[in-house]
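Visitor: Structure incoming, see below.
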Amino acid sequence: MESSSKDNAQLFLKNTALSIDRVSSRSESSASKEKQTFCGGMKIFLCALSFVYFAKALSGSYLKSTITQIEKRFDIPSSLVGLIDGSFEIGNLLIIILVSYFGAKLHRPKIIGAGCLIMSIGTFLIAMPQFFMGHYRYEIFSSTSNSTISISPCLQDQNQIPVSALERSQAKNHAGCEKESGISMWIYVLLGNLLRGIGETPIQPLGIAYIDDYATEESAAFYIGCVQTVAIIGPIFGFLLGSLCAKLYVDIGFVDMDFLPSLKSLFGNPVYFLYLCSSIIQFNSLIGMVTYKPKYIEQQFGQSSSKTNFVIGLINIPAVALGIFSGGLIMKKFRLNVLGAARLSLASSVFGYLLLLLLFAMGCKNVDVAGLTVSYQGTKQVSHYEQTLFSDCNSECICSKNEWDPICGENGITYVSACLAGCKTSNGSGKDMIFYNCSCVEIPAFASRPSSAVAGPCPKGNECPKMFLYFLVVSVMTSYTLSIGGTPGYILLLRCINPQLKSFALGIYTLAIRVLAGIPAPVYFGVSIDTTCLKWGSKRCGGQGACRLYDSNAFRYIYLGLTVVLGTMSTFLSIAVLIVLKKRYIPHNETIVSSGERGKTSSKSRKSDFINSDHLIQSTYWPEKETRL
């Protein structure tokens, strides 16, 4: 019995130990799973916390950037604005001890989420006065220009004003006071900022502690550094946003933004509309020409990319800058009015595009490439078909038609590859490689001697460097001449419209140029240029690559032809602008006013000529010419 009891006891202890081991193993596995879950969710928590840090820093710095606007909007002293700004710290201090102590015992991410919700409510509360208050009224002197009563700005006696006028003024003041009863809505801003402070309280202590608890020891410092970095970036965007919003009208919901009527007025002005169309077409010409000018120089004259960019930067761009400066200088020296500006702009376009015509004669011939621009027998041809790359002389070789590794034969003809040239052996490496026994490289005078070729295409003819020099001279003259019309064109644009629409007109002009010239011009110029390609490259994984060889003559005619055609169309529209301008131009010294009524009617005639009609052109300066806000 005793032995059996001992056995039972040992069995019981063994089972107990097994159960304990199982429980411990289960707890360890569950702990490891829990740790893996936390590690997986840590990145999500880190991203969310970083966003919250950024948002709270941005909103706080933005509110500080609007302190002066709040002061003016609610007409309150700086001391009260200071209380509004400090309400955030008050809300933070109210619960920071409670949150720091009890928050660690609860679900910290949920508490942080609740704090974010409170912050958002506070932010919406801050914005509420803008939507519930009336029209914002600027504190300016009330003009009496519509009244026939002459009142001194410095009133010393109320007897100076008639009783009826005084009563009306007092009634307006009382009505204004009634409307401004909503000015105490600054309380909403204070309460909203207070809620922001309350909601922000759990974010920092609980968020940082949570990262330190569940992140690995080596990663915790990095994660905390990321969060703090985002918190520093937030104020940058907050103050930038404050700078942007400070330029907007506080009563943007009440101000009549006169968009469609203003747009109708602009496009109803024939001078503005014709000049806009002329500029769009001209910029299509100029943008297309400038975009593909480096490519044109490389392909037409065989220049390297380095030299091409150097020449454009050193010669062409300074010529453009000098032309723009010269246009402004001519306007000032000769005191040109709006008609003179239109004539100068037209003249620069006409002479510029006439100079451009000279470039048609300044080009180089095609490089002799076997199978593309010349046959393997040496006769001139232009072929867009890749089958012409094969001939009897290379029929024994297994060559690829997609390969582009040109070599220059002794006969001065370029071959697409050494294989297509029928070369049997080679010596050297890289650029110094020489190919021998090339069956397609025929030299009639030395038919018995084995022919050879070197790596790289053959250079263009001897006349090409001279043509390139002529091209540079004419190109610089063209750039300078066309640029002279830039400043007069802007003067014409500004003087042909109502002064109140000046900024809007410039915005529409810039938008139209970018959308209708800057975007499409490089596209259709490029498509047209691609039609002159004789040899396309191929990608490693298949498909068409970049063009390796262009037909020089076709390239020149299409590139310069598109530029000249568009420039000619622009010139005709510029002529139409000048014709319409002459019909509608009313110079100041031609205003017909009788000698007896000159003093009474001069100002009225000016206003009727320049303000009330968008179709009449500003010719001289007048006191009310500037835009009135």
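Cβ atoms are placed via backbone N, Cα and C, with glycine included.
From TrEMBL, for reference:
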type	residues	note
DOMAIN	387-442	domain 'Kazal-like'
TRANSMEM	44-63	transmembrane segment
TRANSMEM	83-104	transmembrane segment
TRANSMEM	111-132	transmembrane segment
TRANSMEM	220-250	transmembrane segment
TRANSMEM	271-290	transmembrane segment
TRANSMEM	310-330	transmembrane segment
TRANSMEM	342-362	transmembrane segment
TRANSMEM	467-494	transmembrane segment
TRANSMEM	506-527	transmembrane segment
TRANSMEM	558-581	transmembrane segment
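Help me picture where these features are in the structure shown.
Guide: Remote same-chain residues near the transmembrane segment (44-63) are listed as 85, 88, 109, 112, 116, 119, 123, 126, 193, 196, 200, 203, 207, 210-211, 223, 226-228, 230-235, 237-239, 241-242 (criterion: CB distance under 8 Å, separation of at least six residues from the stretch ends).
Same-chain neighbours of the transmembrane segment (83-104): 60, 63-64, 67, 70, 111, 186, 189-191, 193-202, 205-206, 209, counting only residues six or more beyond its ends whose CB sits under 8 Å from a CB of the stretch.
Long-range neighbours of the transmembrane segment (111-132) within the same chain, counting only residues 6 or more positions beyond its ends whose Cβ lies under 8 Å from a Cβ of the stretch, are 49, 52, 55-56, 59, 63, 73-74, 99, 103, 182, 185-186, 188-189, 191-203, 206-207, 250, 253.
If you look at the transmembrane segment (271-290), the same-chain residues 6 or more away from its ends with a CB under 8 A from one of its CBs are 349, 482, 489, 492-493, 496-497, 505, 508-509, 512-513, 516-518, 520-522, 524-525, 559, 562-564, 566-567, 569-570, 573-574, 576-577, 580-581, 584, 615, 617.
Residues 282, 327, 330-331, 336, 467, 470-471, 474-475, 477-478, 481-485, 488-489, 492, 556-557, 560, 563-564, 567-568, 570-571, 574-575, 577-578, 581 of the same chain lie 6+ residues outside the transmembrane segment (342-362) yet bring a C-beta within less than 8 angstroms of a C-beta in it.
Long-range neighbours of the transmembrane segment (467-494) within the same chain, counting only residues 6 or more positions beyond its ends whose Cβ lies under 8 Å from a Cβ of the stretch, are 271-272, 275, 279, 286, 297, 300-301, 303, 311, 315-316, 319-324, 326-328, 330-331, 336, 338, 340-342, 344-349, 351-353, 355-356, 358-359, 362-364, 502, 505-506, 509, 577, 581.
For the transmembrane segment (558-581), same-chain residues at least 6 beyond its ends with a Cβ under 8 Å from one of its own Cβ atoms are 270-271, 274-275, 277-279, 281-282, 284-285, 288-289, 292, 296, 338-339, 342-343, 345-346, 349-350, 352-353, 356-357, 359-360, 492, 496, 525, 528-529, 531-532, 617.
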Visitor: So if I exclude everything within five residues of the ends of the transmembrane segment (506-527), which remaining residues of that chain have a CB under 8 angstroms from its CBs? That is, six or more out.
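Guide: For the transmembrane segment (506-527), the list is 263, 266, 276, 279-281, 283-285, 287-288, 291-292, 493-494, 559, 562.
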Visitor: What are the DSSP helix/strand/coil residue counts across the domain 'Kazal-like' (387-442)?
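Guide: Breakdown, helix to coil: 9 helix, 11 strand, 36 coil.
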